[in-house]
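Note sheet for the following structure.
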Amino acid sequence: GVEINVKCTGSHQCIKPCKDAGMRFGKCINRKCHCTPK
């Protein structure tokens, strides 16, 4: 995935930031959001 500069404690927190970044499937890895490009 693509790491974005958004801190997180759970993957659910990455859904919106990833959508806002034009991507999908947010996952929280090492307290940072990682997104899957469309």
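Cβ atoms are placed via backbone N, Cα and C, with glycine included.
Quick caveat, the model's predicted, so the values are computed rather than measured.
Around the Cβ of Cys28 (disulfide bond), the number of neighbouring Cβ atoms within 10 Å comes to 17. In the three-state DSSP scheme, Cys28 (disulfide bond) falls into the strand class. Marked as disulfide bond by Swiss-Prot: Cys8-Cys28 (among others).
Sequence-distant neighbours of Cys33 (disulfide bond) (same chain, 6+ apart, CB under 8 A from its CB) are Glu3, Ile4, Val6, Lys7, Cys8, Gln13, Cys14, Pro17, Cys18, Gly26, Lys27. Positions annotated as disulfide bond by Swiss-Prot, on the basis of similarity to another entry: Cys14-Cys33 (among others).
Using a 10 Å radius centred on the Cβ of Cys35 (disulfide bond) and all shown protein chains, the other Cβ atoms total 23. Residues annotated as disulfide bond in Swiss-Prot, with similarity to another entry given as evidence: Cys18-Cys35 (among others).
The DSSP secondary structure for Lys38 (lysine amide) is coil. Taken from Swiss-Prot, the feature lysine amide covers Lys38.
When the Cα atoms are compared, Cys28 (disulfide bond) and Cys35 (disulfide bond) turn out to be 9 Å apart.
In sequence order, Gly22, Met23, Arg24 are the residues near Lys38 (lysine amide), counting only same-chain partners six or more apart with C-beta under 8 A.
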